[in-house]
Amino acid sequence: MAKSVTLPGVRPGTIPVMAVACGVMVATIYLCQPLLGQIAHQLGVPEHASALVAVAAQIGYTIGILFVVPLSDAAAPKKLVQVLLVLTILGLLGAALAPGLGILLAASLMIATTSVVAQILIPLATTLASPENRGRIVGSLTTGLIMGILLSRTVSGIVAQFSHSWRAPYLLEAVLLVVMFFVVPQFMPERPAGQAKTGYFALLKSLPPLLRHRPLLLSMGMNFCVFGGFSALWATLAFHLETPAFGLGPAAAGLFGLWGAPGALLAPIAGRLSDRWGSAPVNCLGLLSAGLAFVFAGTTGATSIVGLVIAVNLLDFGLQSGQVANQTRIFGIAPEIRGRLNTIYMVATFGGGALGALAGGYAWSFARWTGVCTLGLGLVLVAAAILTLTTIFSRKSVALQSP
(Lines of atoms letter the chains of each structure in order from A and count residues from 1; the text may use other names and numbers.)
(Lines give C-alpha, C1' and ligand atoms only; values in the text may rest on other atoms or scores of the structure.)
Protein backbone atom coordinates (compact mmCIF):
# COMPACT_ATOMS: atom_id res chain seq x y z
CA MET A 1 0.00 0.00 0.00
CA ALA A 2 1.18 3.54 0.70
CA LYS A 3 4.24 2.44 2.68
CA SER A 4 5.59 0.39 -0.20
CA VAL A 5 5.79 3.37 -2.54
CA THR A 6 8.92 5.49 -2.37
CA LEU A 7 9.84 8.46 -4.51
CA PRO A 8 13.47 9.24 -5.37
CA GLY A 9 14.63 12.44 -3.67
CA VAL A 10 11.47 12.69 -1.57
CA ARG A 11 11.35 12.22 2.21
CA PRO A 12 10.31 8.69 3.28
CA GLY A 13 6.76 8.57 4.57
CA THR A 14 5.59 11.34 2.24
CA ILE A 15 2.84 9.31 0.56
CA PRO A 16 1.30 7.93 3.80
CA VAL A 17 1.29 11.42 5.32
CA MET A 18 -0.32 12.90 2.19
CA ALA A 19 -2.92 10.09 2.19
CA VAL A 20 -3.85 10.83 5.81
CA ALA A 21 -4.01 14.56 5.01
CA CYS A 22 -6.41 13.86 2.13
CA GLY A 23 -8.68 11.89 4.45
CA VAL A 24 -8.62 14.42 7.28
CA MET A 25 -9.33 17.35 4.95
CA VAL A 26 -12.19 15.75 3.04
CA ALA A 27 -13.78 14.83 6.39
CA THR A 28 -14.66 18.49 6.90
CA ILE A 29 -17.30 18.26 4.15
CA TYR A 30 -19.09 15.19 5.46
CA LEU A 31 -18.85 15.43 9.25
CA CYS A 32 -22.03 17.56 9.37
CA GLN A 33 -24.29 14.90 7.86
CA PRO A 34 -24.98 12.79 11.00
CA LEU A 35 -25.40 16.00 13.03
CA LEU A 36 -28.25 17.62 11.13
CA GLY A 37 -31.00 16.35 13.42
CA GLN A 38 -29.11 17.46 16.51
CA ILE A 39 -28.38 20.85 14.92
CA ALA A 40 -32.10 21.34 14.23
CA HIS A 41 -33.07 20.51 17.83
CA GLN A 42 -30.34 22.48 19.59
CA LEU A 43 -30.58 25.59 17.39
CA GLY A 44 -34.37 25.46 17.31
CA VAL A 45 -34.73 25.45 13.52
CA PRO A 46 -36.80 23.26 11.15
CA GLU A 47 -35.15 20.11 9.81
CA HIS A 48 -35.14 21.35 6.22
CA ALA A 49 -33.31 24.47 7.45
CA SER A 50 -30.58 22.46 9.19
CA ALA A 51 -30.13 20.48 5.95
CA LEU A 52 -28.81 23.74 4.47
CA VAL A 53 -25.56 23.06 6.36
CA ALA A 54 -24.95 20.08 4.05
CA VAL A 55 -25.94 22.24 1.08
CA ALA A 56 -23.42 24.92 2.08
CA ALA A 57 -20.69 22.27 2.31
CA GLN A 58 -21.36 21.06 -1.24
CA ILE A 59 -21.53 24.61 -2.62
CA GLY A 60 -18.32 25.56 -0.85
CA TYR A 61 -16.43 22.56 -2.19
CA THR A 62 -17.67 23.38 -5.70
CA ILE A 63 -16.36 26.94 -5.33
CA GLY A 64 -13.07 25.62 -4.00
CA ILE A 65 -12.54 23.23 -6.90
CA LEU A 66 -13.33 25.92 -9.46
CA PHE A 67 -11.50 28.91 -7.98
CA VAL A 68 -9.02 27.66 -5.35
CA VAL A 69 -7.52 24.50 -6.87
CA PRO A 70 -6.29 26.33 -10.02
CA LEU A 71 -4.14 28.48 -7.72
CA SER A 72 -1.87 25.45 -7.28
CA ASP A 73 -0.71 25.98 -10.88
CA ALA A 74 0.13 29.61 -10.19
CA ALA A 75 1.45 29.49 -6.60
CA ALA A 76 3.79 27.37 -4.47
CA PRO A 77 1.70 24.34 -3.41
CA LYS A 78 3.26 24.13 0.07
CA LYS A 79 2.43 27.75 0.94
CA LEU A 80 -1.04 27.39 -0.55
CA VAL A 81 -1.78 24.30 1.56
CA GLN A 82 -0.59 26.08 4.71
CA VAL A 83 -2.89 29.04 4.04
CA LEU A 84 -5.83 26.73 3.32
CA LEU A 85 -5.24 24.78 6.55
CA VAL A 86 -5.29 27.99 8.61
CA LEU A 87 -8.49 29.21 6.94
CA THR A 88 -10.18 25.83 7.41
CA ILE A 89 -9.24 25.78 11.12
CA LEU A 90 -10.73 29.26 11.54
CA GLY A 91 -13.89 28.12 9.77
CA LEU A 92 -14.20 25.06 12.03
CA LEU A 93 -13.82 27.21 15.14
CA GLY A 94 -16.43 29.59 13.76
CA ALA A 95 -18.83 26.67 13.22
CA ALA A 96 -18.22 25.28 16.71
CA LEU A 97 -18.96 28.68 18.28
CA ALA A 98 -21.84 29.63 15.97
CA PRO A 99 -24.74 31.12 17.98
CA GLY A 100 -27.25 30.50 15.23
CA LEU A 101 -27.87 28.89 11.86
CA GLY A 102 -26.74 31.90 9.81
CA ILE A 103 -23.21 31.92 11.24
CA LEU A 104 -23.03 28.13 10.97
CA LEU A 105 -23.95 28.28 7.27
CA ALA A 106 -21.32 30.95 6.59
CA ALA A 107 -18.70 28.93 8.46
CA SER A 108 -19.67 25.75 6.60
CA LEU A 109 -19.29 27.53 3.28
CA MET A 110 -15.83 28.77 4.27
CA ILE A 111 -14.74 25.36 5.60
CA ALA A 112 -15.68 23.53 2.41
CA THR A 113 -14.21 26.19 0.10
CA THR A 114 -10.80 25.93 1.74
CA SER A 115 -10.78 22.14 2.33
CA VAL A 116 -9.80 21.22 -1.24
CA VAL A 117 -6.27 20.25 -0.22
CA ALA A 118 -6.72 16.69 -1.52
CA GLN A 119 -7.33 18.07 -5.02
CA ILE A 120 -3.93 19.78 -4.76
CA LEU A 121 -1.96 16.94 -3.16
CA ILE A 122 -3.04 14.16 -5.54
CA PRO A 123 -1.89 15.87 -8.80
CA LEU A 124 1.30 17.03 -7.05
CA ALA A 125 2.14 13.48 -5.97
CA THR A 126 1.60 12.11 -9.48
CA THR A 127 4.02 14.64 -11.00
CA LEU A 128 6.76 13.31 -8.74
CA ALA A 129 6.23 9.64 -9.55
CA SER A 130 7.60 7.49 -12.32
CA PRO A 131 4.96 6.00 -14.66
CA GLU A 132 5.24 2.56 -13.04
CA ASN A 133 4.50 4.02 -9.56
CA ARG A 134 1.86 6.55 -10.56
CA GLY A 135 -1.12 4.23 -10.29
CA ARG A 136 -0.13 2.96 -6.85
CA ILE A 137 0.38 6.49 -5.56
CA VAL A 138 -3.00 7.66 -6.84
CA GLY A 139 -4.53 4.53 -5.31
CA SER A 140 -2.91 5.23 -1.93
CA LEU A 141 -4.12 8.83 -1.81
CA THR A 142 -7.57 7.90 -3.10
CA THR A 143 -7.85 5.24 -0.39
CA GLY A 144 -7.06 7.93 2.17
CA LEU A 145 -9.75 10.10 0.61
CA ILE A 146 -12.41 7.36 0.72
CA MET A 147 -11.55 6.38 4.29
CA GLY A 148 -11.81 10.03 5.31
CA ILE A 149 -15.31 10.24 3.84
CA LEU A 150 -16.43 7.00 5.51
CA LEU A 151 -14.85 7.56 8.92
CA SER A 152 -15.80 11.25 9.16
CA ARG A 153 -19.49 10.40 9.45
CA THR A 154 -18.84 7.62 11.96
CA VAL A 155 -16.50 9.57 14.25
CA SER A 156 -18.62 12.72 14.00
CA GLY A 157 -21.82 10.87 14.92
CA ILE A 158 -20.26 9.02 17.86
CA VAL A 159 -18.58 12.15 19.26
CA ALA A 160 -21.83 14.13 19.00
CA GLN A 161 -23.85 11.32 20.59
CA PHE A 162 -21.64 11.01 23.66
CA SER A 163 -20.87 14.71 24.07
CA HIS A 164 -24.55 15.62 23.58
CA SER A 165 -23.47 18.45 21.28
CA TRP A 166 -23.05 18.85 17.54
CA ARG A 167 -20.25 21.36 18.22
CA ALA A 168 -17.75 18.79 19.54
CA PRO A 169 -16.97 17.17 16.13
CA TYR A 170 -16.05 20.58 14.70
CA LEU A 171 -13.65 21.20 17.60
CA LEU A 172 -12.10 17.74 17.18
CA GLU A 173 -11.58 18.33 13.46
CA ALA A 174 -9.97 21.71 14.19
CA VAL A 175 -7.48 20.01 16.54
CA LEU A 176 -6.64 17.42 13.87
CA LEU A 177 -6.00 20.17 11.32
CA VAL A 178 -3.68 21.98 13.73
CA VAL A 179 -1.61 18.79 13.80
CA MET A 180 -1.77 18.63 9.98
CA PHE A 181 -0.57 22.24 9.78
CA PHE A 182 2.68 21.35 11.53
CA VAL A 183 3.20 17.90 9.97
CA VAL A 184 2.12 18.05 6.31
CA PRO A 185 4.39 20.93 5.15
CA GLN A 186 7.39 18.99 6.47
CA PHE A 187 6.63 16.19 4.01
CA MET A 188 5.29 18.18 1.06
CA PRO A 189 7.71 18.23 -1.88
CA GLU A 190 8.30 21.32 -3.95
CA ARG A 191 7.04 21.56 -7.51
CA PRO A 192 9.35 19.54 -9.80
CA ALA A 193 12.06 21.63 -11.43
CA GLY A 194 11.24 22.74 -14.93
CA GLN A 195 7.48 22.21 -14.55
CA ALA A 196 5.67 25.08 -16.22
CA LYS A 197 3.24 27.22 -14.29
CA THR A 198 -0.05 28.16 -15.85
CA GLY A 199 -1.45 31.63 -15.28
CA TYR A 200 -4.46 31.54 -12.95
CA PHE A 201 -6.81 33.64 -15.09
CA ALA A 202 -5.62 31.99 -18.30
CA LEU A 203 -6.52 28.61 -16.82
CA LEU A 204 -10.00 29.77 -15.77
CA LYS A 205 -10.56 31.26 -19.22
CA SER A 206 -9.67 27.93 -20.83
CA LEU A 207 -12.40 25.97 -18.99
CA PRO A 208 -15.65 26.97 -20.79
CA PRO A 209 -14.47 25.92 -24.30
CA LEU A 210 -13.96 22.37 -22.98
CA LEU A 211 -17.74 21.99 -22.71
CA ARG A 212 -17.85 21.28 -26.45
CA HIS A 213 -16.68 17.72 -25.75
CA ARG A 214 -19.76 15.45 -25.73
CA PRO A 215 -18.18 12.72 -23.55
CA LEU A 216 -17.54 15.37 -20.89
CA LEU A 217 -21.13 16.64 -21.04
CA LEU A 218 -22.46 13.09 -20.79
CA SER A 219 -20.35 12.31 -17.72
CA MET A 220 -21.23 15.64 -16.10
CA GLY A 221 -24.96 15.15 -16.63
CA MET A 222 -25.06 11.64 -15.22
CA ASN A 223 -22.96 12.34 -12.13
CA PHE A 224 -24.83 15.59 -11.46
CA CYS A 225 -27.99 13.50 -11.08
CA VAL A 226 -26.58 10.49 -9.25
CA PHE A 227 -24.56 12.52 -6.75
CA GLY A 228 -27.61 14.72 -6.27
CA GLY A 229 -29.64 11.67 -5.22
CA PHE A 230 -26.77 10.45 -3.04
CA SER A 231 -26.60 13.81 -1.24
CA ALA A 232 -30.38 13.96 -0.81
CA LEU A 233 -30.31 10.64 1.05
CA TRP A 234 -27.37 11.52 3.27
CA ALA A 235 -28.72 15.00 4.06
CA THR A 236 -31.89 13.44 5.51
CA LEU A 237 -30.77 10.05 6.85
CA ALA A 238 -30.23 11.44 10.37
CA PHE A 239 -33.82 12.76 10.37
CA HIS A 240 -35.15 9.36 9.26
CA LEU A 241 -33.25 7.51 11.99
CA GLU A 242 -34.72 9.83 14.64
CA THR A 243 -38.31 8.89 13.72
CA PRO A 244 -40.31 6.54 16.02
CA ALA A 245 -39.61 3.63 13.63
CA PHE A 246 -35.95 3.71 14.75
CA GLY A 247 -35.48 6.19 17.61
CA LEU A 248 -31.74 6.47 16.95
CA GLY A 249 -29.31 9.37 17.34
CA PRO A 250 -26.32 10.77 15.45
CA ALA A 251 -24.04 7.85 16.38
CA ALA A 252 -26.26 5.46 14.41
CA ALA A 253 -26.33 7.83 11.44
CA GLY A 254 -22.55 8.03 11.59
CA LEU A 255 -22.17 4.25 11.68
CA PHE A 256 -23.78 4.06 8.25
CA GLY A 257 -20.51 5.49 6.98
CA LEU A 258 -18.87 2.21 7.96
CA TRP A 259 -21.80 -0.01 7.08
CA GLY A 260 -21.69 1.40 3.56
CA ALA A 261 -17.94 0.81 3.23
CA PRO A 262 -18.16 -2.54 1.38
CA GLY A 263 -20.13 -0.96 -1.46
CA ALA A 264 -17.68 1.92 -1.81
CA LEU A 265 -14.58 -0.27 -1.58
CA LEU A 266 -15.88 -2.62 -4.29
CA ALA A 267 -15.57 0.22 -6.79
CA PRO A 268 -12.13 -0.90 -8.10
CA ILE A 269 -13.97 -3.79 -9.75
CA ALA A 270 -15.70 -1.18 -11.90
CA GLY A 271 -12.31 0.03 -13.10
CA ARG A 272 -11.40 -3.39 -14.43
CA LEU A 273 -14.84 -3.78 -16.01
CA SER A 274 -14.51 -0.36 -17.63
CA ASP A 275 -11.17 -1.38 -19.18
CA ARG A 276 -12.78 -4.57 -20.52
CA TRP A 277 -16.26 -3.41 -21.57
CA GLY A 278 -15.99 0.36 -21.91
CA SER A 279 -17.60 3.12 -19.85
CA ALA A 280 -21.23 2.87 -20.96
CA PRO A 281 -21.90 -0.70 -19.68
CA VAL A 282 -20.34 0.19 -16.33
CA ASN A 283 -22.52 3.30 -16.18
CA CYS A 284 -25.54 1.04 -16.73
CA LEU A 285 -24.40 -1.20 -13.88
CA GLY A 286 -23.92 1.80 -11.60
CA LEU A 287 -27.32 3.29 -12.46
CA LEU A 288 -29.02 -0.07 -11.86
CA SER A 289 -27.34 -0.33 -8.46
CA ALA A 290 -28.27 3.25 -7.51
CA GLY A 291 -31.86 2.78 -8.66
CA LEU A 292 -32.23 -0.41 -6.61
CA ALA A 293 -30.75 1.45 -3.65
CA PHE A 294 -33.59 3.97 -3.59
CA VAL A 295 -36.16 1.21 -4.06
CA PHE A 296 -34.75 -0.67 -1.05
CA ALA A 297 -34.47 2.53 0.98
CA GLY A 298 -38.07 3.52 0.29
CA THR A 299 -39.58 0.08 0.97
CA THR A 300 -37.76 -2.15 3.48
CA GLY A 301 -35.55 0.76 4.55
CA ALA A 302 -38.59 2.69 5.74
CA THR A 303 -38.71 0.58 8.91
CA SER A 304 -35.69 -1.75 8.77
CA ILE A 305 -32.02 -1.09 9.53
CA VAL A 306 -31.09 -4.07 7.35
CA GLY A 307 -32.95 -2.53 4.42
CA LEU A 308 -31.12 0.76 4.93
CA VAL A 309 -27.73 -0.97 5.11
CA ILE A 310 -28.45 -2.78 1.82
CA ALA A 311 -29.58 0.50 0.26
CA VAL A 312 -26.50 2.43 1.38
CA ASN A 313 -24.16 -0.25 0.02
CA LEU A 314 -25.97 -0.35 -3.32
CA LEU A 315 -25.89 3.44 -3.53
CA ASP A 316 -22.20 3.67 -2.63
CA PHE A 317 -21.32 1.06 -5.25
CA GLY A 318 -23.52 2.74 -7.85
CA LEU A 319 -21.98 6.15 -7.24
CA GLN A 320 -18.37 4.98 -7.12
CA SER A 321 -18.63 2.68 -10.16
CA GLY A 322 -20.28 5.48 -12.13
CA GLN A 323 -17.48 7.80 -11.05
CA VAL A 324 -14.86 5.37 -12.36
CA ALA A 325 -16.68 4.98 -15.69
CA ASN A 326 -17.22 8.72 -16.09
CA GLN A 327 -13.61 9.64 -15.34
CA THR A 328 -12.34 6.89 -17.63
CA ARG A 329 -14.46 8.44 -20.39
CA ILE A 330 -13.34 12.04 -19.88
CA PHE A 331 -9.66 11.18 -19.40
CA GLY A 332 -9.72 9.60 -22.84
CA ILE A 333 -10.56 12.93 -24.49
CA ALA A 334 -7.08 14.50 -24.37
CA PRO A 335 -4.29 13.57 -21.92
CA GLU A 336 -2.80 17.06 -21.86
CA ILE A 337 -5.98 18.64 -20.42
CA ARG A 338 -7.05 15.93 -17.98
CA GLY A 339 -6.73 18.23 -14.98
CA ARG A 340 -9.05 20.85 -16.44
CA LEU A 341 -11.52 18.25 -17.68
CA ASN A 342 -11.65 16.80 -14.18
CA THR A 343 -12.15 20.28 -12.69
CA ILE A 344 -15.27 20.89 -14.79
CA TYR A 345 -16.54 17.37 -14.10
CA MET A 346 -16.13 17.76 -10.33
CA VAL A 347 -17.83 21.16 -10.38
CA ALA A 348 -20.87 19.50 -11.97
CA THR A 349 -20.68 16.65 -9.45
CA PHE A 350 -20.68 18.83 -6.34
CA GLY A 351 -23.12 21.27 -7.91
CA GLY A 352 -25.50 18.33 -8.21
CA GLY A 353 -24.69 17.41 -4.62
CA ALA A 354 -25.61 20.89 -3.40
CA LEU A 355 -28.93 20.94 -5.25
CA GLY A 356 -29.64 17.34 -4.22
CA ALA A 357 -29.09 18.11 -0.54
CA LEU A 358 -31.30 21.20 -0.84
CA ALA A 359 -34.06 19.29 -2.64
CA GLY A 360 -33.74 16.41 -0.17
CA GLY A 361 -34.40 18.74 2.74
CA TYR A 362 -37.58 20.03 1.14
CA ALA A 363 -38.65 16.53 0.05
CA TRP A 364 -38.35 15.45 3.68
CA SER A 365 -40.45 18.42 4.82
CA PHE A 366 -43.25 17.62 2.38
CA ALA A 367 -43.27 13.82 2.16
CA ARG A 368 -40.72 12.51 4.67
CA TRP A 369 -38.62 9.46 3.71
CA THR A 370 -40.89 8.46 0.84
CA GLY A 371 -40.36 11.86 -0.74
CA VAL A 372 -36.58 11.63 -0.40
CA CYS A 373 -36.42 8.15 -1.96
CA THR A 374 -38.77 9.18 -4.77
CA LEU A 375 -36.55 12.18 -5.48
CA GLY A 376 -33.44 9.99 -5.54
CA LEU A 377 -35.01 7.40 -7.84
CA GLY A 378 -36.24 10.16 -10.15
CA LEU A 379 -32.74 11.61 -10.45
CA VAL A 380 -31.30 8.18 -11.29
CA LEU A 381 -33.95 7.76 -13.99
CA VAL A 382 -33.00 11.16 -15.44
CA ALA A 383 -29.36 10.02 -15.55
CA ALA A 384 -30.43 6.81 -17.31
CA ALA A 385 -32.39 8.86 -19.84
CA ILE A 386 -29.33 11.04 -20.51
CA LEU A 387 -27.20 7.96 -21.16
CA THR A 388 -29.85 6.32 -23.36
CA LEU A 389 -30.55 9.39 -25.49
CA THR A 390 -26.85 10.16 -25.90
CA THR A 391 -26.14 6.59 -26.99
CA ILE A 392 -28.99 6.67 -29.54
CA PHE A 393 -27.86 10.05 -30.87
CA SER A 394 -24.24 8.87 -31.17
CA ARG A 395 -25.23 5.75 -33.08
CA LYS A 396 -27.36 7.76 -35.49
CA SER A 397 -24.47 10.18 -36.05
CA VAL A 398 -22.12 7.29 -36.82
CA ALA A 399 -24.68 5.75 -39.19
CA LEU A 400 -25.10 9.04 -41.07
CA GLN A 401 -21.34 9.44 -41.44
CA SER A 402 -20.89 5.90 -42.76
CA PRO A 403 -20.55 5.58 -46.57
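Just so you know, glycine gets a Cβ as well, placed from its N, Cα and C.
What TrEMBL records for this protein:
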| type | residues | note |
| --- | --- | --- |
| DOMAIN | 1-396 | domain 'Major facilitator superfamily (MFS) profile' |
| TRANSMEM | 12-36 | transmembrane segment |
| TRANSMEM | 48-68 | transmembrane segment |
| TRANSMEM | 80-97 | transmembrane segment |
| TRANSMEM | 103-125 | transmembrane segment |
| TRANSMEM | 137-162 | transmembrane segment |
| TRANSMEM | 168-188 | transmembrane segment |
| TRANSMEM | 216-239 | transmembrane segment |
| TRANSMEM | 251-270 | transmembrane segment |
| TRANSMEM | 343-363 | transmembrane segment |
| TRANSMEM | 369-393 | transmembrane segment |
For the transmembrane segment (168-188) and the transmembrane segment (12-36), decide whether they are in contact, meaning at least 3 CB pairs lie under 8 A, counting pairs 6 or more apart in sequence.
yes
Is it the case that the transmembrane segment (137-162) and the transmembrane segment (48-68) touch, counting contact as three or more CB pairs under 8 Å in which the residues of each pair are 6 or more positions apart?
no
With the cut-off at Cβ under 8 Å and a gap of six or more residues from its ends, the chain residues touching the transmembrane segment (12-36) are 2-3, 5-6, 47, 50-51, 53-54, 57-58, 60-61, 88, 92, 108, 111-112, 115-118, 121-122, 125, 137, 140-141, 143-145, 147-149, 151-153, 155-157, 160, 166, 169-170, 173, 176-177, 180, 183-184, 187-189, 234-239, 250-251, 253-254, 257
Mind checking which residues reach the transmembrane segment (48-68)? Cβ under 8 Å, same chain, six or more beyond either end.
28-30, 32-33, 35-37, 39-40, 84, 101, 104-106, 108-116, 119, 204, 231, 234-236, 343, 346-347, 350-351, 353-354, 356-358, 360-362, 364-365
Beyond a gap of at least 6 residues from its ends, the CB atoms lying under 8 Å from the transmembrane segment (80-97) belong to 25, 28, 68, 71-72, 103-104, 106-108, 110-111, 114-117, 120-121, 167-168, 170-171, 173-174, 177-178, 180-181, 184-185, 188
Give the nonlocal contacts of the transmembrane segment (251-270) in its own chain as ranges (CB under 8 Å, at least six residues past its ends).
30, 33-34, 37, 146, 149-158, 160-162, 237-238, 241, 282, 285-286, 308-309, 312-317, 319-325
Beyond a gap of at least 6 residues from its ends, the CB atoms lying under 8 Å from the transmembrane segment (343-363) belong to 47-52, 54-55, 58-59, 61-62, 65-66, 69-70, 119, 207, 210-211, 216, 219-221, 223-236, 326-327, 330, 371-372, 374-376, 379
